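Q: First, the structure itself, so that you have it in front of you.
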Amino acid sequence: MAKTIAYDEEARRGLERGLNALADAVKVTLGPKGRNVVLEKKWGAPTITNDGVSIAKEIELEDPYEKIGAELVKEVAKKTDDVAGDGTTTATVLAQALVREGLRNVAAGANPLGLKRGIEKAVEKVTETLLKSAKEVETKDQIAATAAISAGDQSIGDLIAEAMDKVGNEGVITVEESNTFGLQLELTEGMRFDKGYISGYFVTDAERQEAVLEDPFILLVSSKVSTVKDLLPLLEKVIQAGKPLLIIAEDVEGEALSTLVVNKIRGTFKSVAVKAPGFGDRRKAMLQDMAILTGGQVISEEVGLSLESADISLLGKARKVVVTKDETTIVEGAGDSDAIAGRVAQIRTEIENSDSDYDREKLQERLAKLAGGVAVIKAGAATEVELKERKHRIEDAVRNAKAAVEEGIVAGGGVALLHAIPALDELKLEGEEATGANIVRVALEAPLKQIAFNGGLEPGVVAEKVRNSPAGTGLNAATGEYEDLLKAGIADPVKVTRSALQNAASIAGLFLTTEAVVADKPEKAAAPAGDPTGGMGGMDF
């Protein structure tokens, strides 16, 4: 395919137009008075959301250079969402401000590499300042406040805090759709481990990139599964039972994997293959934990069991299994409660008798997985559109609360970034690096200014007032008052704020140092078929 090439200022401005198109759509959602964005779907009802990454993913631009610019800033939102679970809109606003200021300096003749180095040093300093000023999350109320800000709903924040209180900070919290109105919290036996599906073809929900199995059988194998003849007798029995199958093995490869994938694509049989977590003896122990939790047995030659002679009675069961690309959650395994309690007691004894800190840590992880359970938040709403939007908000808020527990919290509302600006004076940079640091200085005000603008206030006036206020004091955009934001319960996890800034700076550096852009040449649309005599094509007279 033919390519089109743009150089120098033309290339950078093309990328910036794409970035601005995406950022302008995303930034209207920032803050408590931010608006929603409606996303058209090819099938089904439209989605209404105020989540930055969901909006960013939907934007496809026609101009090839603008398209690349939008894709680059999409990456900022995606990366921030992956790392911290929130802050995608803040990251987009920061990226736009950094690129706008940076390109102005490049156009005036500044060296892009010097600017990039200055930006990197300034971001490192601000990150260090944010981490130093972070307050540890100690109370249930602090968790509730942080989650409530992310979800824009205090009742959601309270429920998430209660869920974390029940299952612990490392516990698993899942969100499900409910047929009733309102929110409910249920505690179930369950486990989550850090291994996802082996092949993307197993996905059942393309939008969320998840494989969801309801009431599945669970096959646990301690070795590799590669030949289909070993698996076939058992597969036939499972198909007859009419249930999906989750396979957890050392690995699933070759014809065994292709058989499962082909049957899934054809709709003949729903299954998911996942690698077992851990290595060596720890893998065996974790497989045994899963067997006890699900009421199954591990198929292993060590205990005289082989895959080709395995019966359906050796399979475990669960109410539901959710598999993403990175992790697997088993909800409500069908294991005997006495057997689970016995296994928990055994692991506790091993922890007491262990001399190694590493072994003790890994045993604690196993104990948390087995004993912690899974908190299920069931969300209901009047319409399907509202339900999807609400479910998404709750999932974001759960990740936000976990990030807060992990690294602590700072004042929200863009105030922590603005109050970190004086730390840049300590850098003592010169020349273009100092200009790079000044670009960051200007950009750090952007989130607060956007929150003020969305709240119908004058951004410059608000920024000036907050700049001259004591640390942690800022605008509560919901009420229009200036107050101590942490006391008012307006806090952001420092992990979210830090990730947003680091990812925005990373992309801004790439924008500034770009000197040429190579893109696919847009194809001209073919003329519609017509009658060579001049009549209308496709008509019978």
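Even glycines carry a Cβ here, placed using N, Cα and C.
Predicted, not measured: the structure shown is a model, and the values here were computed from it.
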Q: With Thr29, Leu30, Gly31, Pro32, Asp86, Gly87, Thr88, Thr89, Thr90, Asn476, Ala477, Ala478, Asp492 listed by Swiss-Prot as binding ATP, identify the candidate in Gly157, Gly413, Gly431, Gly436 belonging to that site.
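A: Between Gly157, Gly413, Gly431, Gly436, Swiss-Prot records just one in the ATP site with Thr29, Leu30, Gly31, Pro32, Asp86, Gly87, Thr88, Thr89, Thr90, Asn476, Ala477, Ala478, Asp492, namely Gly413.
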Q: Helix, strand or coil by DSSP: which one applies to Asp86 (ATP binding site)?
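A: Note: Asp86 (ATP binding site) is coil by DSSP, not helix or strand.
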Q: Can you give me the same-chain residues 6 or more apart in sequence from Gly31 (ATP binding site) with a CB-CB distance under 8 Å?
A: Gly413, Gln450, Ile451, Asn454, Gly455, Ala477
Q: Same-chain residues six or more away whose CB lies under 8 A from the CB of Asp86 (ATP binding site)?
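A: Non-local contacts for Asp86 (ATP binding site): Thr80, Ser150, Asp396, Ala397, Arg399, Asn400, Ala403, Pro493, Val496.
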Q: Any idea what DSSP makes of Thr29 (ATP binding site), helix, strand or coil?
A: helix
Q: Among residues Thr29, Leu30, Gly31, Pro32, Asp86, Gly87, Thr88, Thr89, Thr90, Gly413, Asn476, Ala477, Ala478, Asp492 annotated as binding ATP, what is the maximum Cα-Cα distance? Answer in Å.
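A: Across Thr29, Leu30, Gly31, Pro32, Asp86, Gly87, Thr88, Thr89, Thr90, Gly413, Asn476, Ala477, Ala478, Asp492, the widest Cα separation comes out at 20 Å.
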Q: Check Asn476 (ATP binding site) against DSSP and tell me helix, strand or coil, would you?
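A: It is in a strand.
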